[in-house]
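Visitor: Pulled these from TrEMBL:
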TRANSMEM  21-40  transmembrane segment
TRANSMEM  52-74  transmembrane segment
TRANSMEM  81-99  transmembrane segment
TRANSMEM  105-126  transmembrane segment
TRANSMEM  138-159  transmembrane segment
TRANSMEM  214-235  transmembrane segment
TRANSMEM  298-318  transmembrane segment
TRANSMEM  340-358  transmembrane segment
TRANSMEM  370-389  transmembrane segment
TRANSMEM  429-451  transmembrane segment
TRANSMEM  457-480  transmembrane segment
Amino acid sequence: MWWDERVSARFRRNLQPTLTYWSVFFSFGLCIAFLGPTLLDLRCQTQSSLSQITWVFFSQQFCLLLGSCLGGVFKRTLAQSLLALFASSLAISLVFAIIPLCHNVVLLAVVMAVAGLAMGCIDTISNMQLVKIYQKDSAIFLQALHFFVGFGALLSPLIADPFLSDTNCILANGTANASSNLPHIRKSLLPHHPGNLSHYDLPMKGMVVTRVSYAFWIMALINLPVPIAVFFLLYKERMVPCFNGSSHPLLSADELALETRPGDKDELPATGQRPHTAAGHEDLFSCCQSKNFRGASYTYFAVHITGALVLFMTDGIVGEYSGFVYSYAVEEPLAVVHKVAGYLPSLFWGFITLGRLISIPVSYRMKPATMVFINVVGVLITFLLLLIFSSSVVFLFVGTASLGLFLSSTFPSMLAYTEDILQYKGCATTVLVTGAGIGEMVLQLLVGSIIHDRGSYSFLVCGMIFGCLAFTFYALLVFFHRMYPKPS
């Protein structure tokens with residue numbers, strides 16, 4: 001393999017938990033991207049207005065952020081973590097199955113809020129568990145973890161597409177006129193931002209004609225093996241309530257050899273030693289307790305804050321770019337045809353997924369700090385070129401692909417870098433996940449209001465400013481890293 005025998009042996013010892021955490025993140029990706037393309041059919045199903053149905057976006061995103069903050073609560077023991085992942089992944093399958101039965105927009109928003117909570121827990125716990133198992137070797141496994149998010153985010157719109165309505169799915173007087181706006185509206189409803197749709201008029205009453213229910217039931221079935229995989233891991237770890245009387249299995253010969261090797265004793269993974277505590281990784285509220293601050297230097301806080309601010313900016317760029325690149329493309333001076341512009345968000349997410357796949361072997365040969373530096377500089381250069389060639393449709397597609405590649409590995413690389421600085425004893429995972437979630441929500445709202453007031457060109461200007469801020473915060477992080485006390 002392209003990694004050394006030590007990392008390979010560690011991966012083999014932790015094969016089942018690692019694959020389980022990766023599969024759970026596939027559930028996360030599957031759930032994050034389906035709402036945009038299916039929202040018009042869901043509007044027909046609930047017979048609600050476009051302004052009412054777009055609140056479903058907010059309920060999901062807000063509860064995702066809340067779930068990320070609270071996810072660390074279930075990290076106190078391995079049993080709690082796995083039970084929380086089992087409940088969250090099962091909840092996502094249930095949400096997919098229940099959505100076709102939601103004929104009221106408030107009920108749909110509540111169901112999507114439950115999905116958001118489950119996604120937030122998955123986000124925090126899976127990252128924490130992989131960091132805990134692999135520690136200094138975690139970068140490569142975090143890159144693979146976030147690849148599965150992109151894979152799920154690509155798959156769910158493809159599943160939904162054959163079942164989407166070609167015409168307005170509420171048949172009433174004026175349907176023919178309203179149907180001509182449908183392709184434009186649907187492409188405006190993206191996974192991260194519903195867009196400004198108040199000037200579109202679609203009928204709210206009439207006979208509902210939609211087949212989108214089949215898409216959700218298919219996704220529920222596709223996701224069902226994930227909670228089953230988590231349950232099998234619980235069973236293997238003797239943590240299923242009905243089967244917890246047996247003792248843990250003894251170490252294998254390979255694990256015993258590693259246990260007795262000089263210098264490697266401290267690297268025995270979590271599943272080999274079966275630790276049931278999670279020192280150093282807590283929920284956001286526990287991290288803020290005064291007992292955690294005693295004796296901590298100011299650089300301890302600075303590393304947490306600057307790391308979170310870098311992800312606040314970069315994840316915010318992911319949200320605002322995927323949410324507004326279509327609207328930017330169809331406006332003057334580019335005036336891209338709506339059908340062609342609709343490929344831009346898919347291109348962006350496709351290259352994010354490709355970049356995460358490429359980053360898996362690259363992260364083994366390159367330090368996380370170097371990868372983050374390349375990412376933020378690449379984002380800056382891409383936005384600069386997009387501003388210079390703002391009248392070129394071809395370069396808009398090239399720049400979108402380039403931006404997806406550079407943003408793809410920023411989160412896992414930053415997480416590995418920050419945890420390494422803190423020697424895996426701080427609250428970096430919780431703080432960084434929370435900062436990224438807040439950035440994705442806040443910057444979308446900010447950019448949306450700026451574009452509304454200043455025009456579509458401000459979309460690229462905002463991206464350039466956010467990229468500069470991300471680079472500045474990264475430079476501060478490197479500065480505080482140099483000042484952070486080295487381990488004795």
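Heads up, the Cβ atoms here are built off N, Cα and C, so glycines get one too.
The model shown is predicted, which means the values in this text are computed figures rather than measured ones.
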Visitor: Name the range, of those listed as 105-126, 138-159, 214-235, 298-318, 340-358, that has the largest tally of Cβ pairs under 8 Å with the transmembrane segment (21-40).
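Guide: Comparing 105-126, 138-159, 214-235, 298-318, 340-358: 138-159 has the most Cβ pairs near the transmembrane segment (21-40).
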Visitor: Count the CB pairs under 8 A between the transmembrane segment (138-159) and each of 81-99, 214-235, 298-318, 340-358, 429-451, then give me the winner.
Guide: 340-358
Visitor: Which of 52-74, 214-235, 298-318, 429-451, 457-480 has the most Cβ pairs closer than 8 Å to the transmembrane segment (81-99)?
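Guide: It is 214-235 that shares the most Cβ pairs under 8 Å with the transmembrane segment (81-99).
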Visitor: Which stretch, 105-126, 340-358, 370-389, tops the Cβ pairs under 8 Å count with the transmembrane segment (298-318)?
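Guide: Against the transmembrane segment (298-318), the leading stretch is 370-389.
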Visitor: Would you kindly list the residues that approach the transmembrane segment (105-126) from elsewhere in its chain, counting only those six or more residues past its ends and only Cβ-Cβ distances under 8 Å?
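Guide: For the transmembrane segment (105-126), the sequence-distant neighbours (Cβ-Cβ under 8 Å, at least 6 residues beyond its ends) are 21, 24-25, 27-28, 31-32, 35, 42, 46, 48, 52-53, 55-56, 59-72, 74-75, 81, 84-85, 87-89, 91-92, 95, 98-99, 145, 429-430, 433, 437.
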Visitor: Below 8 angstroms Cβ to Cβ, which residues of this chain, lying six or more residues outside the transmembrane segment (340-358), approach it?
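Guide: Distal contacts: 33, 143-144, 146-147, 149-151, 153-154, 157, 183, 187, 190-191, 318, 321-322, 325-326, 329-330, 396-397, 400-409, 412.
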